[in-house]
Structure formats: structure tokens, C-alpha cells
Amino acid sequence: MIPDSNSRVKLLKIKFKNMKINHLRKEYSRLTLSRNDLKTTPLSQLKIWLEDALSANVLEPNAMFLATVDKQGMPSSRIVLLKEIEENGLLFFTNYRSKKGRDIEDNPYGSATFFWKELERQATFFGQIVKVDEERSQNYFATRPRASQLAAWASKQGEKASSRSEIDEAYTQEEKKWEGREITKPPYWGGFLLMPSGATFWQGREKRLHDHFLYSKNSEGTWDTARLYP
Ligand SMILES: Cc1cc2nc3c(=O)[nH]c(=O)nc-3n(C[C@H](O)[C@H](O)[C@H](O)COP(=O)(O)O)c2cc1C
């Protein structure tokens with residue numbers, strides 16, 4: 001007999017209650033990474049791994065954990081979507097007044113980590129973060145769906161709201177304000193470019209002996225690579 005959805009939820013709850021996360025263990029054995037596979041720059045290597053993630057139908061392949069550090073040295077992280085691999089960096093868009101935006105203003109360094117679990121792969125990038133020019137941000141903003149454009153105006157990203165309806169109301173107000181008009185980019189919204197000075201690529205392997213490589217930029221501006229212990 002197939003259990004109904006309530007019984008299924010009950011069964012799942014029992015399963016999770018008895019599950020010990022310290023007992024979760026997975027062997028990684030799908031793929032390997034050798035020094036000969038590595039492209040000459042970390043951004044061209046990222047392109048290959050993103051294409052692999054797309055082909056493998058990974059959910060949100062361009063989602064990256066962006067870590068920033070505030071004035072006091074306190075780190076924080078959150079996911080943002082990579083929108084473009086530029087010649088010298090990773091481009092993402094956000095609200096400049098958000099926590100991450102203020103952190104970057106105060107301390108213009110950060111890291112971004114991708115995890116493609118279906119491929120047992122991780123890639124990390126670290127370096128300086130700079131604002132992109134207004135024109136670049138405007139061009140991208142113009143390609144966003146109208147609802148996302150309105151949300152950019154309505155959202156005071158990261159600020160406390162008294163209720164959900166306050167947020168919905170702010171959106172409705174923006175809808176009215178922009179009715180029948182093209183929506184321009186808010187001045188506090190735009191792109192950042194993380195320009196890596198280093199990167200790592202990690203491929204899960206058997207017995208926890210993973211493949212792990214570091215790219216570091218040398219004084220000539222080209223990239224050295226080294227194999228790291230996993
Ligand atoms: C899958 C996913 C994609 C996201 N993409 C973005 C993004 O591209 N830009 C952004 O500002 N926030 C994005 N967010 C929301 C952020 O994770 C975060 O909650 C928000 O930007 C506020 O972060 P902050 O207060 O640390 O600045 C995304 C969240 C998820 C889960």
C-alpha cells in the first residue's frame with residue numbers, strides 16, 4: 001500500500017530523528033583531476049567545470065557562496081549567482097547597501113566557493129572585489145525580468161521589516177510608480193567583480209585522498225599551479 005502524504009511525512013520525521021549526521025559518510029569516486037587537465041588560468045578552468053555542471057543538470061550550477069569580512073574582521077557568507085566570467089573576474093549583482101555591499105565597501109576582499117555535489121567537485125576563488133561601472137550594471141539590469149526589476153526597487157535588502165505585508169506593499173507601490181514605463185536601475189544596485197589572485201579546484205576521490213590544486217598569480221601576472229594534500 002502506498003502511504004498517504006501525512007504518513008509519508010511521519011515516516012520521514014522518524015527517519016530523520018534516528019539519523020546521526022556523524023554517521024553520514026560517502027565515498028567519492030566519480031571523477032579524477034590531474035595536473036595535465038588544468039587550464040592555464042583558473043577562470044578558464046572554471047568555464048570547463050561550469051560547462052560540466054550544466055551538462056550534468058546540476059541544480060543552480062552558477063550559485064556561489066560569497067564570503068566577505070566586515071570592519072571588525074567578522075566574516076559572513078551567502079549565496080549569490082555568478083552572472084558572467086569576465087576576462088579578469090567573476091561578476092555578480094546585488095544591492096550595494098546590503099550587508100555584503102557594505103562589507104565590500106569597508107574591506108574590498110572576499111572569496112567565492114562553488115560546490116557541485118553531483119560531480120563531487122568544489123572550486124574556490126579569492127581576491128579583490130571591485131564595483132563594475134554603472135553602464136555595465138545598467139545594461140544587465142535592463143535584461144532582468146520586470147518583476148526582478150521592481151523587487152530591486154522595493155527591497156531594502158537585509159533591513160528589518162515589520163511584516164510580510166510591508167514588503168508586499170512596497171512592491172505594489174513600485175508597480176504603480178513604474179506602470180507603463182521602462183524601469184531604470186536603482187542607484188544602489190549593481191555589479192561587483194571578484195578578481196581572483198588565487199583559486200583552488202577540488203575533485204573528490206576514494207579513501208578521502210582527493211585531488212586538490214592551487215592556482216596562484218605570480219609576479220609576471222601568469223598562474224602557477226601546485227598539487228595540495230587533500
Ligand atoms: C540560489 C540563491 C541565489 C541568490 N542570488 C543572489 C544574487 O545573485 N544576488 C544577491 O544579492 N542575493 C542573492 N541571493 C540572496 C543572498 O543569499 C542573501 O540572502 C542576500 O543577498 C542578502 O545577503 P547579505 O545580507 O549578506 O548582503 C541568492 C540566494 C540564493 C539561495
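Every residue gets a Cβ built from N, Cα and C, even glycine.
Among the features that TrEMBL reports, substrate binding site is placed at Arg25, Lys26, Glu27, Tyr28, Lys83, Tyr140, Arg144, Ser148, Arg208, Leu209, His210. Residue environment of Lys83 (substrate binding site) contains 14 other Cβ atoms, counted within 10 Å of its Cβ in all protein chains.
According to TrEMBL, the domain 'Pyridoxamine 5'-phosphate oxidase N-terminal' annotation covers 50-167. Per DSSP, the domain 'Pyridoxamine 5'-phosphate oxidase N-terminal' (50-167) is made up of 40 helix, 41 strand, 37 coil.
Under the heading FMN binding site, TrEMBL lists Arg78, Ile79, Val80, Leu81, Leu82, Lys83, Phe93, Thr94, Lys99, Lys100, Gln122, Trp202.
Residues 27-35, 38, 40-43, 45-46, 49, 66, 83, 86, 88-96, 101, 104, 110-112, 120-132, 134, 136-137, 140-141, 152 of the same chain lie 6+ residues outside the domain 'Pyridoxine 5'-phosphate oxidase dimerisation C-terminal' (189-230) yet bring a C-beta within less than 8 angstroms of a C-beta in it. Summarising the annotation, TrEMBL assigns domain 'Pyridoxine 5'-phosphate oxidase dimerisation C-terminal' to 189-230.
In terms of Cα distance, the binding-site residues that sit within 10 Å of Lys83 (substrate binding site) are Phe93, chosen from Phe93, Lys99, Gln122. Neighbour density for Arg25 (substrate binding site): within 10 A of its CB lie 6 other CB atoms from the protein chains shown. For Val80 (FMN binding site), the same-chain residues 6+ apart in sequence whose C-beta sits under 8 angstroms from its C-beta are Ala63, Met64, Leu66, Phe92, Phe93, Thr94, Lys100, Ala112.
Mean pLDDT for the domain 'Pyridoxine 5'-phosphate oxidase dimerisation C-terminal' (189-230) in the predicted structure: 96.
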